[in-house]
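So Swiss-Prot lists these for the protein:
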| type | residues | note |
| --- | --- | --- |
| ACT_SITE | D141 | active site, proton acceptor |
| BINDING | I14, G15, T16, G17, S18, Y19, G20, R21, C22, K37 | ATP binding site |
| COILED | 303-362 | coiled coil |
| COILED | 406-430 | coiled coil |
| DOMAIN | 8-271 | domain 'Protein kinase' |
| MOD_RES | T170 | phosphothreonine |
| MOD_RES | S171 | phosphoserine |
| MOD_RES | T175 | phosphothreonine |
| MOD_RES | T179 | phosphothreonine |
| MOD_RES | S184 | phosphoserine |
| MOD_RES | S241 | phosphoserine |
| MOD_RES | S296 | phosphoserine |
| MOD_RES | S300 | phosphoserine |
| MOD_RES | S356 | phosphoserine |
| MOD_RES | S365 | phosphoserine |
| MOD_RES | S387 | phosphoserine |
| MOD_RES | S390 | phosphoserine |
| MOD_RES | S402 | phosphoserine |
| MOD_RES | S428 | phosphoserine |
| MOD_RES | S438 | phosphoserine |
| REGION | 329-445 | region 'Necessary for interaction with MAD1L1' |
| REGION | 403-439 | region 'Interaction with SAV1 and STK3/MST2' |
Amino acid sequence: MPSRAEDYEVLYTIGTGSYGRCQKIRRKSDGKILVWKELDYGSMTEAEKQMLVSEVNLLRELKHPNIVRYYDRIIDRTNTTLYIVMEYCEGGDLASVITKGTKERQYLDEEFVLRVMTQLTLALKECHRRSDGGHTVLHRDLKPANVFLDGKQNVKLGDFGLARILNHDTSFAKTFVGTPYYMSPEQMNRMSYNEKSDIWSLGCLLYELCALMPPFTAFSQKELAGKIREGKFRRIPYRYSDELNEIITRMLNLKDYHRPSVEEILENPLIADLVADEQRRNLERRGRQLGEPEKSQDSSPVLSELKLKEIQLQERERALKAREERLEQKEQELCVRERLAEDKLARAENLLKNYSLLKERKFLSLASNPELLNLPSSVIKKKVHFSGESKENIMRSENSESQLTSKSKCKDLKKRLHAAQLRAQALSDIEKNYQLKSRQILGMR
């Protein structure tokens with residue numbers, strides 16, 4: 001039987017946002033403390049409503065220790081309100097942690113930042129490489145306000161897909177306010193959102209945990225877009241290690257294919273021990289959920305170690321597959337670049353050929369009319385033809401008659417023509433050498 005709003009008791013309102021209200025509730029059947037978010041779907045089209053319901057159903061399938069658990073959805077058709085029932089995180093969100101550190105002028109410990117990095121990356125890995133073989137889920141709105149902490153300070157990633165659901169031409173989309181500090185360069189350039197866009201947002205979040213401010217700040221969205229496209233930011237405070245700064249810098253690479261994947265982040269030596277501990281704990285949780293007694297786990301550490309190694313092998317296989325896909329993508333890009341280089345070379349050869357033909361025609365015209373070599377340039381350029389005996393026609397006829405009757409000048413013209421032919425041959429050799437060098441340069445690229 002589907003749940004109803006009457007099955008829950010509202011305790012108090014935690015906060016409000018572009019989506020509506022977030023309230024702390026108690027389930028009447030067992031007293032479990034949860035939260036729900038109210039979404040007013042009254043102004044949505046039927047297609048958007050269907051997408052909203054299917055998206056929430058998909059989110060219910062995400063089950064991971066570092067992902068906020070989605071329990072149920074309740075549709076109140078009378079008030080055109082959708083309630084999304086989720087896990088309650090009593091530790092608040094990372095935005096409040098950053099605000100507290102800013103007010104107290106106190107940086108967060110690197111150990112805490114590394115734990116956040118580890119657990120968030122494991123959460124993203126579950127979304128990008130679904131363990132149950134389901135469709136890839138992209139978060140699309142990873143920021144401190146959407147990352148929560150439980151009572152033991154474990155990280156819980158929440159609010160999946162809600163930004164994408166609401167960012168349509170609906171009343172909710174129009175109520176969006178604020179500056180998108182974590183928006184990736186792909187989004188700024190109106191390109192498709194991908195897994196590496198989540199990695200960019202993760203890098204921005206980790207940067208803000210260290211510096212207590214985003215890597216890119218501005219007073220307007222236009223100015224911010226320019227700074228993000230430029231991709232320049234300060235180093236995190238020097239109290240943090242170079243290794244942490246290096247991995248955050250890699251996450252904030254402008255080229256998405258240069259950013260590390262979730263597998264590459266988890267394999268980083270900086271958090272390798274933390275990753276192993278988290279995976280061991282997750283394995284123990286799965287065992288308890290399957291009804292395995294804790295004593296049998298304690299009595300057979302070899303079995304649990306084998307299971308852990310099996311999981312690690314599966315993860316490495318997935319990482320290898322992802323790397324193969326990236327290599328194929330790079331090969332395709334290289335093929336495109338090679339075609340462009342061949343086109344450029346063909347155009348260059350065509351230009352050289354046309355230039356050579358033009359030059360040959362010029363020399364042939366000079367050879368057929370050797371008297372043009374000794375004429376002033378002003379006379380050659382002027383092609384004035386008037387009817388009757390004008391000054392120009394009289395000058396040209398007198399000069400040509402005097403040159404044709406002079407044998408000594410004719411010999412001189414032949415010598416000059418021979419010298420011009422030699423120069424043409426030398427120029428042709430230089431052009432061939434230049435053509436060879438240009439091909440070598442294009443081959444190096």
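Heads up, the Cβ atoms here are built off N, Cα and C, so glycines get one too.
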Between C-alpha atoms, which of these recorded positions comes nearest to S365 (phosphoserine): C22, S241, S356?
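Its closest listed neighbour, by Cα, is S356.
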May I ask for the distance between the residue listed as 'active site, proton acceptor' and S241 (phosphoserine), taken between their Cα atoms and rounded to an integer number of Å?
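About 28 Å separate the Cα atoms of these two residues.
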Taking every protein chain in this structure into account, which of the recorded positions T16, S184, S365, S428 has the most other Cβ atoms within 10 Å of its Cβ?
S184
Which Cβ among the binding-site residues (I14, C22) has the fewest C-beta neighbours inside 10 Å?
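Ranked by other Cβ atoms within 10 Å, the binding-site residues I14, C22 bottom out at I14.
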For S428 (phosphoserine), find which of the recorded positions I14, T16, C22, S356 come within 10 Å, Cα to Cα.
S356
Look up T16 (ATP binding site) in the DSSP assignment and reduce it to helix, strand or coil.
strand
Measuring Cα to Cα, how many angstrom lie between S241 (phosphoserine) and I14 (ATP binding site)?
36
